[in-house]
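A short write-up of the structure that comes next.
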Amino acid sequence: MIKSVLIFNQLGKPRLIKFYEQLGISTQQEILREIHTLLSKRNDNLCNFLEGTRTIGNTDTRIIYRHYATLYFVFVTDMSESELGTLDLIQAFVESLDRVFENVCELDLIFHFDEIHYILNEVISAGMVIEVAVQEITKATLEAKRLAQPDAESSRFNELVPGNANDQSGDASNSIATFLSSLVINITVASIIFIIFCILRPRFKRVYAPRTYAVEKERRPEPVGNGLFSWIPAALRAPDIRIIEQSGLDTYMFLRTIRTMFIMFSVISIVSAGSILPVNILGTMRQTGLNSLSMGNVDPKSDWLWVHVGAFSIVVCWCLWTIIGELRVYTHLRMWWLTHPQTSQKAGASTILLSHVPHNLTSDEKRLYELFSVFPGGVRQVFVNRSSKELKDMVKKRDKLVRKLEAKLTKYAVKCLKAKCSNPPSEKDLLDCVEEIARCNQFIQSARQNVEQMSKRSSALVMFNEQIAAHMAAQSVLDFKPFSMSQVSMSVDPQDVLWFNLEISPWSRRIRGYLSFMVTLALTLLWTVIAAVLSSLVQIKSLAALEPFKWLQDSPVALGIFSGTVPSLILAVLMAILPSILRLLLVLEGTQRRSLVGLRLLHRYFFFQVWNVYLVTIFSSSIFQIAIQSVQQPGRIIELIQTQVPQSATNILTYVLLLAFVGAAKEILQGVPLAMRYIKLLLKAKSPREQIRAEQPLDFKWSDAIPTHSLVFLMGFSYAFLAPIVNWFVAVYFGLFYLIYRYQFLYVYNHANWSMGGLSFPKSTTQMLVGLYISQLYMLLMMVAKLNSSASAIMRVVVCALVMLITVGAHLYIRDVFMPAISYLPVKRAVDVARNPLLRSEFPNVLDEDGEVEKSLTLDERAARNRIYAMYSSMVPKSIIKLGLRLFPPSIAAPRASDDEEAAADHRSNRLSMVDQAPLADSLDVDLMREFSGPELRASAVCSLWVPLQDPMFSELVREIEHRGQGTVSVITKGTQVTANFKVKADPDVGLDKVLL
């Protein structure tokens, strides 16, 4: 007979006491103390049997025990029980506990003492052994728990009890069905869209290749063949330097970011497939479905976890090294872009825009001139901005009249040609409109001549003789007074300036900033509620209660399709609305430049997506499960982290699948622009000028795309080592988008609305580091969750913590070393360029820290080598690249005669003005008011009408229009005509003239 069962820790604290004979409380306590004293003094090498003492029952009693970690399991029996049999009974009891609680620990005994007693009662009743089979004990216990909590525990019962009739978990089968159905549907839809694009592309050049005719000739790419797949080699064979020349540094760095992410996840996929994934599959935790491929399937006590930690540490360090290498390359490219003739020779490169200028300086421009003359080269011009509401209204009125008159004249020309009038009648309303335009132009001319009478604003333009002076002024503290001249903008582009925000007071701007931030936070929380409500409405359990949707429960295929596509689709629609709201908040906040609005939107939209898409919509199920179950059973929080966190990988997979296939296909098909191009031409393009504007390439939505790709990188990297199956689909995502974006930026998108020298790239790297941090936090939590008393488990936690410290150090290094050199032109670069003008145009050597040019190589040889350095140096050690160049020299085109002399002659330093591209040396009186001030002051007092009146029958009408215009209205008929079927046709080469547009 068994007299008692005792469980206590090494300090003697009881965790379970069960006596099968009547004893007083004081006697029970004395027995516990004496047994603890006996066992705590015994060496582990001694046997597990003791004879009873006088207190315990003399020599007729046996004390049989086992020591597990910090706990002693003690059975006190009489002489009739077998000692070895009792040892086996203790082992069966402990195995039953481990089966029920999954890696049982002392906390489980504290918080679940009632379940411990239930399990003990399944083994022993009234001191007699009634069951020793672990499987039966576990089955009976979990059956009781399932009856008590059927919804919460039924899947756990089916999972842990082998041989049960319902062994296959419904959740596991649903997760596989959801994944497979989502994969099949997304691939099918993407394939259909892709085929449609390949068929439509040669036939709709206006949508799929507008850059081949609707941009300046020097920015046009090579034409693409009409084959179904000819666009793929055309996109891939374009060298990087051509992308920079035709689409700008911003486009190149964006494509480079996508390519870097693709390479990272390709490497991670290969590494994880050969190391982590086999360990997960061979795990012993009996996970089912997709969960069997995650870390949750690995035994917490297994040393195979070192495979995860090792792969994680190596990959994270390599990724950090790659990010630092990419920033090094970008820093060189940024300096090269700033000093390149296409940038540095524009007047805007040497001009700064000041706001919050004190009144005593705006009232006397000479004082501003003196203030900034301390910078190298001195000041060329100073202009204090002025404004006039009457002039602004008149310019708007004149432009509206011009558009209206062009549309009427175009319609009039078509009407006359259809009627075949030899002497078309003049229409009085047309000539009256010309006279009204002439009066507007005269008012504009008069206002421009009397600009000094306009009210001065608290903003000013300062143009320096040297580019470096503008960069030094932008970094300087210009005044000691609070907020005085605190807002300085460089590389001024008047089309980029939000002129209505320049006059906002500093205090108002600060208050608006706080309010905008608070509204953004409130919007984030509100969006969370909206997304949660919509997501819950489309959950199958909610819809199944409605009569029209009950059939879904009886169709596994329909259930998988619905669960795999509808929630992700609703989420994508919601997120498409948000950027416009956030952009409006940033404008109302007082941001002074459109480009700065876009840059600030990158981080704000990224934060919004991380919170709403990742944490709330995708990851919330695991968080809520952990929170709810840990409140009910606090001792299981460590276990829940191990099992619930990896299970969110299915949600991430379905979301990435939607974006990777359907999102990429939608990006290349351009379905909405395809329809809008023709609708706009049909309804709005009523004149040649409007036709050319409708033909202009689309603007790429930088502020929407960059945070979305960074979010996918974050989602993929956070689960790269917990559920490595994610890596393959994230790699496919970035690979598809890289191919598509190369084609889109070469042939479809216009980059002119985002020309900032790649300043979005540092923000992308910061967002990539956020993904690395979250991945490290997950890995650290998983290693802590799988922690036990072994030194190996403790070392795994230490290694994960060290990797996080290395990441923090790398982040600080990036912030302190690269960020200061990115925003402004370094003085050394300016000196190097002044000493050697070849550096202005030559593609930079990203491995050269001295800024010197090797004279032993020709210009073409240096260019080919430098491009290889830029391509591979961020991911491959420098020594390997140089070895490869020695073994396999790049093919070089035949060198031109006197390469260096030609390059030097091409870039002798006459800076060009931003608008007319005339050499500044030949026009020293570049008018800052005319070129860089507000739109009303830059408006010309002469306008051109571009209409199809080239037929001789309209010559009299043209002369009459120019006569009525009194020298302020001219008629241009070149490049436009009415075709034989009476359609108006406009020549893009003429329409791209800045005078017309």
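Any Cβ shown, glycine's included, is placed from N, Cα and C.
Per TrEMBL, these features apply:
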DOMAIN    1-143  domain 'AP complex mu/sigma subunit'
DOMAIN    179-324  domain 'CSC1/OSCA1-like N-terminal transmembrane'
DOMAIN    350-501  domain 'CSC1/OSCA1-like cytosolic'
DOMAIN    513-782  domain 'CSC1/OSCA1-like 7TM region'
TRANSMEM  176-200  transmembrane segment
TRANSMEM  262-285  transmembrane segment
TRANSMEM  305-324  transmembrane segment
TRANSMEM  514-538  transmembrane segment
TRANSMEM  558-586  transmembrane segment
TRANSMEM  606-628  transmembrane segment
TRANSMEM  648-669  transmembrane segment
TRANSMEM  711-741  transmembrane segment
TRANSMEM  761-781  transmembrane segment
TRANSMEM  793-814  transmembrane segment
*the transmembrane segment (262-285) and the transmembrane segment (711-741) contact flag, 3+ Cβ pairs under 8 angstroms*: yes
*Cβ contacts the transmembrane segment (648-669)/the transmembrane segment (761-781), at least three under 8 Å, sequence gap 6 or more*: no
*Using DSSP, what's the helix, strand and coil tally for the domain 'AP complex mu/sigma subunit' (1-143)?*
65 helix, 37 strand, 41 coil
*For the domain 'CSC1/OSCA1-like 7TM region' (513-782), what's the model's average pLDDT?*
78
_Same chain only, please: residues at least 6 beyond the ends of the transmembrane segment (305-324) with a C-beta under 8 Å from a C-beta of the stretch. Say none if there are none._
260, 264, 267-268, 271-272, 275-276, 279, 295, 298, 720-721, 765, 768-769, 772, 775-776, 779, 783, 786, 792-793, 796, 799-800, 803, 806-807, 810, 813-814, 818, 874-875
*DSSP says what for the domain 'CSC1/OSCA1-like N-terminal transmembrane' (179-324): how many helix, strand, coil residues?*
106 helix, 0 strand, 40 coil
